[in-house]
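**Student:** My structure is below; once you've seen it, I'll send some questions.
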């Protein structure tokens, strides 16, 4: 492949420069095949710690480990050629101190090849965000409904629905920008609040259950295509029923095997040709 035809991956600088220009498309991916599909349209692929719930059947994201995120992040980077890949820092790998956050983030980027990390929090994580960005690690912040903090906030509930909560979310987003974040994910907040944050910040906001006014949107891909039906958030729009398609294919396969119609000759090697064994007579003797 020549230098003129080589695909150029989007950088965090390019993503940041899109503020106010069009809408960023973002989706999640946890594997190389899914990343390859999403990469055809996405500006940003987020390797979310939601992998624990979507792929591993966990009840929440708290059990996801850094090793898991590194394995899935590396797979996504291998599968995606042009999107900016951002990988979540999982629970308990960054909250203790800026130094802990740096160790986790540095290892994650070094072992995956991703372009940035995402962490939950703004105001309380400002020191960590600043510590990372000053040392060359791009950070995407996450405010509003923060799944890693669901136990402390009363579950998966919309945030910013009253003046006090709204002020806290707004301050968190502003703190994240001031600390050096290149983008902010706003999840599960009052629409007017997400709109106000977007109008205030000079970095792109990416909404998930937030506002159409955000600079971009993200959904969990399996939610969007109907491949995960354990729970469907209110803010998800389903564009397909992938589970139904896969279920039909699996049932058809089982039927064909039980009826003896699979495999067909086209699926076999040398079907119908007589068996020839060199040295078979000698072996029998």
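In case you wondered, yes, glycine gets a Cβ from its N, Cα and C as well.
The feature active site, proton acceptor is assigned by Swiss-Prot to 187, with sequence analysis given as support. Per Swiss-Prot, 3-methyl-2-oxobutanoate binding site is recorded for 49, 50, 88, 118. Marked as Mg(2+) binding site by Swiss-Prot: 49, 88, 120.
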**Student:** What are the non-local neighbours of residue 187 (active site, proton acceptor), defined as same-chain residues 6+ apart in sequence with CB under 8 A from its CB?
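**Tutor:** Within the chain, residue 187 (active site, proton acceptor) has Cβ neighbours under 8 Å at 142, 143, 144, 145, 146, 207, 208, 209, 210.
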**Student:** Looking only at Cβ atoms, how many others are within 10 Å of the one on residue 49 (3-methyl-2-oxobutanoate binding site)?
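**Tutor:** I count 28 other Cβ atoms within 10 Å of it.
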**Student:** Please list, in sequence order, the residues in the chain of residue 120 (Mg(2+) binding site) that are at least six apart in sequence and whose C-beta is under 8 Å away from its C-beta.
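**Tutor:** 141, 142, 143, 146, 147, 148, 149 - these are the non-local Cβ neighbours of residue 120 (Mg(2+) binding site), listed in sequence order.
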**Student:** Would you work out the biggest C-alpha to C-alpha distance among 49, 50, 88, 118, the residues that bind 3-methyl-2-oxobutanoate according to the record, and give it in angstrom as a whole number?
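**Tutor:** Farthest Cα pair among residues binding 3-methyl-2-oxobutanoate: 12 Å.
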**Student:** Pick the one among the binding-site residues 50, 88, 118 whose Cβ has the fewest other Cβ atoms within 10 Å in this structure.
**Tutor:** 50
**Student:** Note the Cβ centroid of 49, 88, 120, the recorded Mg(2+) site, then list each other residue of that chain whose Cβ lies within 8 Å of it, in sequence.
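**Tutor:** Once 49, 88, 120 are set aside, the remaining close residues are 48, 50, 61, 64, 89, 90, 91, 118, 119, 142, 147, 148.
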